[in-house]
Amino acid sequence: MTRETARFDRRTVLQTTAGLAGTAALAGLSGAAAAADGGPIDDALDRDSDALQEALVVFDDSSAIDHLDALALADGYLAFDVLPVAYTVLTGSQIATVADWESVRFVEANRELDYHNADARDVTDVDVVRSDLGYDGSSAHVAVVDSGLDGDHPDLDAAVHNYQWAGNPLGSPTLWTDVGPLDSDDVGHGTHCSGTIAGDGTANGEDSGMAPGVDLTVYSSGAAISILKAAAAYDHLLANHAGSVDVVSNSYGSASAADYNPDGTLETATWTAFDSGLLPVISAGNSGPSTDTLNDYAKAPHVLSVAATTDGKTVTDFSSRGRAASTDANYDRETALANLESHYADDSTATGSVGVYRNGVAAPGNQVNSTMSPADALKATASSQSVYYATISGTSMSCPVTAGIAALVVDAYRQNGHGDPAPMDVLNTIEATAYEASDGYTPANAGAGFVDADAAASRAADGTLAGFDDVTLTDP
């Protein structure tokens with residue numbers, strides 16, 4: 001059931017307003033941006049130019065990064081702490097030289113990406129989990145990579161860390177500064193997503209998030225997020241908080257019809273996080289209703305891709321779709337994950353699909369009410385229910401809904417003495433308990449169906465997390 005093979009070998013919001021979140025991507029560049037010939041150089045890089053170009057170099061492992069010392073680099077380079085990645089600026093000839101090194105998997109252009117709750121709690125049965133089962137995420141920790149956080153918002157005392165991007169990656173050793181209760185969000189997108197996960201409803205007594213008991217760590221990229229900033233957030237997270245964070249919420253990306261590139265910078269970051277015990281939850285994107293418009297980073301077998309629905313549980317027009325079943329696209333997560341593990345272990349022998357070309361689940365993403373600062377840019381144009389809240393739409397909203405549900409699953413499992421759940425077990429449980437809430441569901445637009453927090457948390461509490469065989473997709 002595949003049209004793709006692992007070809008990358010060693011050598012070769014929708015927002016209710018316009019112009020803010022969801023429109024920042026540079027024209028003509030896809031999220032995967034893999035070379036058309038399957039080689040290790042991003043098509044967005046010009047190997048014939050003498051101009052300096054921002055580049056992220058993905059190595060086999062971190063020990064090879066110092067090979068860059070052999071080049072006369074104009075501004076040096078930034079070596080990530082955990083990820084086998086370096087950031088630098090290179091000429092076209094230097095790009096070609098680096099790409100030819102045996103230790104290099106991919107040379108990628110840095111570029112901007114798109115930023116892609118009371119009703120959400122009710123329709124997903126989160127209220128049942130909290131009132132009847134008694135779980136609120138209090139033993140779980142969620143990280144959010146986004147535009148930032150209003151650290152002094154009355155609903156967001158759950159924030160343990162509020163990291164703000166600190167400046168020039170080639171000029172300062174400090175990339176992230178914890179600004180605590182200060183406002184690191186000029187836009188409001190990140191504050192809204194964070195409140196959907198962890199808001200406690202203090203400001204109005206009603207609009208709490210999915211898991212108000214969680215610990216929350218937020219990385220603020222500012223008004224524009226890029227591959228560099230997102231990957232650097234993962235690197236810092238893995239270096240400093242890998243032992244405590246369970247779920248990472250990612251409401252950004254870039255859509256294309258490209259095959260999944262396992263050697264890209266962010267793809268490597270999400271894999272390293274997954275391999276370290278964290279579950280990345282990623283928005284499907286806002287490029288629907290056509291098929292084959294899925295966020296490139298949501299095609300990974302180790303992440304949970306989330307589509308957006310109305311409160312009536314129908315998939316929204318804007319929500320991105322995977323590939324149609326008629327294309328023989330791979331929908332099998334277990335097979336793709338095994339192929340991806342083989343690719344990373346020995347990419348000379350890996351064959352078969354490494355991508356999953358469907359959504360994981362669907363969750364509310366239309367007109368979601370959540371936290372926002374009165375001073376945020378989105379606040380001026382979004383629907384507003386009160387001074388500390390705003391209503392906006394997008395898969396950027398359905399992603400944190402599902403990340404919060406994942407935190408509830410983790411919490412229910414831990415609180416009943418079952419230990420720490422593996423990220424794939426949490427993912428499979430959320431998919432296995434989802435259901436076909438609308439006749440219009442397909443694997444491409446809704447994956448396994450609409451999220452059911454009550455069913456997922458109940459399985460976790462019983463210690464019976466789902467496996468691959470328990471997942472049933474919606475009808476094609």
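Cβ coordinates are placed from backbone N, Cα and C, and glycine is handled just like the others.
Keep in mind the model is a prediction, meaning the values are calculated, not measured.
Per TrEMBL, domain 'Peptidase S8/S53' is recorded for 138-446.
If you look up TrEMBL, you'll see D146 (among others) marked as active site, charge relay system. All protein chains included, D146 (active site, charge relay system) registers 32 other Cβ atoms within 10 Å of its own Cβ.
A simple way to gauge crowding: the CB of H189 (active site, charge relay system) has 32 other CB atoms within 10 angstroms, across all the protein chains here. In the three-state DSSP classification, H189 (active site, charge relay system) falls within a helix. The feature active site, charge relay system is assigned by TrEMBL to H189 (among others).
If you look up TrEMBL, you'll see S396 (among others) marked as active site, charge relay system. DSSP assigns S396 (active site, charge relay system) to a helix.
Taken together, the residues of the domain 'Peptidase S8/S53' (138-446) have an average pLDDT of 94. Rounded to a whole value, the Cα-Cα separation of H189 (active site, charge relay system) and S396 (active site, charge relay system) is 8 Å.
DSSP assigns D146 (active site, charge relay system) to a strand in the three-state reduction.
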